[in-house]
Amino acid sequence: METIIQASYLIAAALFILGLKQMSSPVTARRGILWAGAGMVLATLVTFMSPEILDSDQVGTNILLIVVAIVIGGGYAWYSGKKVAMTDMPQMIAMYNGMGGGAAAAIAAVELMKASTEASHDVTGATTVAGILGTDIAILGILGAIIGTISFSGSIIAWAKLDGRLSRSKLLPKQHIVNALLAIVTVGFAVAIYFTADINTIIIFFVLALILGVFITVPVGGADMPVIISLFNALTGLAVGFEGYVLGNAAMIVAGIVVGSAGSLLTQLMAKAMNRSVANVFFAGVGTNVAATGSDDSLGVMKEIQAQDAGILMSFASQVVIIPGYGMAVAQAQHKIWELTQILTEKGVTVKFAIHPVAGRMPGHMNVLLAEAGVPYDMIYDMEDINADFKNTTVALIIGANDVVNPSAKNDSSSPLYGMPILDAMNAENVIVIKRGRGAGFSGVENPLFFADNTKMLFGDGQKAASQLIQAVKEL
């Protein structure tokens, strides 16, 4: 039986890796999800064959609890996955990261509580967690506990900020010093758990780790959310891998390593796209102290354009580059933008989509939206591939993007965005910006591009503005 279980876990692990490989391309991503899902189903089914389940005196209760958990978790995941709007996808990803970290932390809590109970009843004669669980299991279990707990509470805060339930202006006095002291104390309790088996120490440790996750996430600015989400994804993977070792579950170990390594790489890529380190993302607090108010008079006046005039400009353009941002997601305007693209293409206009790595509120957010609308992959360009082409662009159409096209990131060393690579939309002959109002972006930093001589503002809801552009172009 054990051979069958381990072989099944090996197959599940291979399916995880194959699925991840398939997800590296938009063309095969759907197939990759199916492969990874098949691996997860196999790993779950094999759990019922585990000796800890079948050889227990309470085998019926164990199986019932597992089935109930699968029905509740799977049912809710299916329902929420079917019902969630594309605009809420970042919140869902953050929540799923949190649930994964929370599950790993729960496993660690159970194992540590069991060790504490054994020590208090003198079951084995050992009086410490290390003595009861073994050095390697104790260390990895505690590491998984702290990482998983931080990922859980931090992801909940990220979800609350993305969902608008928590203000982004939450930088406390001496925040970073408080965070450092809290981290030191939390690690101190983790060490204490290793050398003891005191139940109160374990409880305080988890409470501190929960608070630490909250405190390190609250100051993070909105522009950094894609980095934070990918980082918590990596932390969740590590926590799952560590707890897989604690349970002796090969599938959990491999899945955790795969998710952890992929998440770590993605985090580095996201941070690199902003020309910042991961530590700087946590400690700089971009956008937390900047008031996102109206226009800055020193920059000049925004110049408006009507949809009819914008339609004329785009219809007779040689090339139009569309730059989508989170505002497009909020307005759910991706389908209208694709319709506009098709009409312009029929008129002989070359249309391209420029995607910034951290546009939106999660990695690949804009790619997901455009894929949903049916935009071909060969029309979508990364920042590095499109920036040099802006000087050959007649019209750069910005819809819902702000910080990722802000020239202050290049020209103003006093700006919180300084050093962040941007899409060079300002180099286009004409810039048209679809925007709901005159306020700053999510980071709270004003954008000089919107006041530039070659920029015109088309104010209004993204979907409505796109519809007006479609009508204007059709009439020509």
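Counting starts with 1 at the first residue shown.
From the backbone N, Cα and C atoms, a Cβ is placed for every residue, glycine too.
Cross-referencing 232-251, 252-271 with TrEMBL places the feature transmembrane segment at 252-271. Remote same-chain partners of the transmembrane segment (6-21), defined as residues 6 or more beyond its termini with a Cβ less than 8 Å from a stretch Cβ, comprise 32-40, 42-43, 45-46, 49, 249-251, 254-255, 258, 262. In the predicted structure, the domain 'NADP transhydrogenase beta-like' (6-471) carries a mean pLDDT of 88.
Between the transmembrane segment (130-157) and the transmembrane segment (177-196), three or more CB pairs separated by 6 or more residues in sequence fall under 8 Å, so the two stretches touch. Residues 112, 127-130, 138-139, 142, 145-146, 202, 204-205, 208-209, 211-212, 215-216 of the same chain sit 6 or more residues outside the transmembrane segment (177-196) yet have a Cβ under 8 Å from a Cβ within it.
Long-range contacts of the transmembrane segment (252-271) within the same chain, counting only residues at least 6 positions beyond its ends with a Cβ under 8 Å from a Cβ of the stretch, are 9, 12-13, 16-17, 20, 39-40, 43, 226-227, 230-231, 233-245, 277-278, 280-281, 357-358, 363.
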